[in-house]
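J.: Would you mind keeping the following structure in view while I ask a few things?
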Amino acid sequence: MNAIGLVAFALVGSAKAIRAEFDLFGVTVVGLVTAFAGGATRDVLVGRVPLALQNVGEVALGLLGVCLAVVLYAWLEAPDDRPITLYADAIGLAAFATAGAIVAIEIGLPAFGVVAIATINAVGGGAFADLLLDRSPFILFEDFYASCAVLGGSAYWLFTALAADATLAAAACATVTVGTRVLALSRGWTVPTAQRLEAVTGE
Amino acid sequence: MNAIGLVAFALVGSAKAIRAEFDLFGVTVVGLVTAFAGGATRDVLVGRVPLALQNVGEVALGLLGVCLAVVLYAWLEAPDDRPITLYADAIGLAAFATAGAIVAIEIGLPAFGVVAIATINAVGGGAFADLLLDRSPFILFEDFYASCAVLGGSAYWLFTALAADATLAAAACATVTVGTRVLALSRGWTVPTAQRLEAVTGE
Amino acid sequence: MNAIGLVAFALVGSAKAIRAEFDLFGVTVVGLVTAFAGGATRDVLVGRVPLALQNVGEVALGLLGVCLAVVLYAWLEAPDDRPITLYADAIGLAAFATAGAIVAIEIGLPAFGVVAIATINAVGGGAFADLLLDRSPFILFEDFYASCAVLGGSAYWLFTALAADATLAAAACATVTVGTRVLALSRGWTVPTAQRLEAVTGE
């Protein structure tokens, strides 16, 4: 799952950078940032040297995603908008949220810390990539995307608090994240704005 | 003071995100970033796991500020622009600058490090929130805001260098920061640009 | 070389901030970020307290660059676009890439980590400054700039892998970085976009 996620995230990030007409260095940076900046932020927050700097295999998977984006760009309008990419991305979201929750529990963080690190691990890379592309992170105003990682991280914490073993908690986190993400994709879920909330509750 | 600051900073950040029509996830993230990213950056720079990930009470205060922004938004045009918010924000600025200066002295940094960490602790959250909103941090080109933290951090360092005890240094830092900020608000102070400086000195 | 780089980087960053009409606090921040944020990011990634917070002499050099930008702005249209600034900047690029590669080898990172840290050390400050100026980092879509640091970092790793001593590896890194940068400047090199690559290879 982690491998699928790294390739999918790098492909999605690189495709965005190609569309913004970044050069191939920029395309590679945005792709690798999308795949690795969430995990690197997690590592920095918990005081570790980012794994991505040390793990040649993971970097190779990220570079594979970058190459796929460049090659597919010649054939498809938007390789990052195909169903297969969206589902691979959902798998990555689940894998990265779970990886974050595991590390957060390991260092003894409480509920908020677990959910925060799971979410940052899952969506921090994409958010940072959007900043490099000079736009607000899309997770903050559209789609139902980061919320899946919030729910997954909450599930991990809940199962741990109920003394479930770590494998079961990880399975719950991954299932909730990927499950809510697939539902969000197929049903077009969004998170309401304060404006809409007030229009609904106020009158 | 720290509690007032957390609520005020989260309220100010969330109100900006509501106005930018972010969804409620985005509003919560921008509010919490405004309240906690300065302190988290301080902790990362000095090699600690951010307190905000570990302290449930502080996060609750941040979430209170987010809720206040959402609720008040229905009643007021700009809850972040009311005098009470501006003064609560000034208190937060002073509390966070002081917290930063204390940590910087603890790990033995010289004058520049103390002023830098005090300023980052006080204004880093708001600056990061502006980046998420796809704009330049307002502290870099308008108002007299971050400069108050610079002056407060300098006061902390000066009192420490003069062998004053830590409580006195903290009181001096907080007083200078909140005092200059209240003066800046009431008198409309700004920091000159290079262009204005040269217009004044050159001719 | 490091000293030349700090002054040149701070001058270039401050000149950009002056042109964006930031106030003098903002000009100072953008200048110091350009000079120090790359090295600070390197230090945070490898788990050290940033040197810039501890080293008064380095900060003084950065502030000298900021002052130069403010003073020269009154006399020259664009002090950051003069040949002497461009060459001083190239020397800084080489010094910072080498400093990054040395630290990365010290903590035992493999090839990708060495190149990544060398590049972040060399261009991270300028990239962060562009984010503060609300634009995409220029290194991602124009010029042949960060690529020089990539080549320099690769040279450092290669010489180390071939069991050359550290002084020789550092000399190779600095020579490759500054050499390719000077060539890029004089010949107008750029990195191709995916679009151009496909126009060339596809037909």
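Each residue, glycine too, has its Cβ placed from N, Cα and C.
Small disclaimer: the values here were computed from a predicted structure and weren't measured.
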J.: Of the ranges A:23-44, A:111-132, which one does TrEMBL flag as transmembrane segment?
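T.: It is A:111-132 that TrEMBL describes as transmembrane segment.
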J.: Which residues of the chain, 6 or more past the ends of the transmembrane segment (A:85-105), have a CB below 8 A from one of its CBs?
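T.: Distal contacts: 1-2, 4-9, 11-12, 38-39, 42-43, 46, 79, 113-114, 116-123, 145, 148-149, 152-153, 156-157, 160, 166, 169-170, 173-175, 177-178, 181-182, 185.
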J.: Quick one: DSSP breakdown of the domain 'Glycine transporter' (A:2-73) into helix, strand and coil?
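T.: Once the DSSP states are binned, the domain 'Glycine transporter' (A:2-73) shows 61 helix, 1 strand, 10 coil.
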J.: What parts of the chain pack near the transmembrane segment (A:111-132), using Cβ distances under 8 Å and only residues at least 6 beyond its ends?
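T.: Sequence-distant neighbours of the transmembrane segment (A:111-132): 9, 12-13, 16-17, 29-30, 33-39, 41-42, 45-46, 93-94, 96-101, 103-105, 138-140, 145-146, 149-150, 152-154, 156-157, 160-161, 173, 177.
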J.: Average the per-residue pLDDT over the domain 'Glycine transporter' (A:2-73) and send me the rounded value.
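T.: The predicted confidence over the domain 'Glycine transporter' (A:2-73), as a mean pLDDT, is 95.
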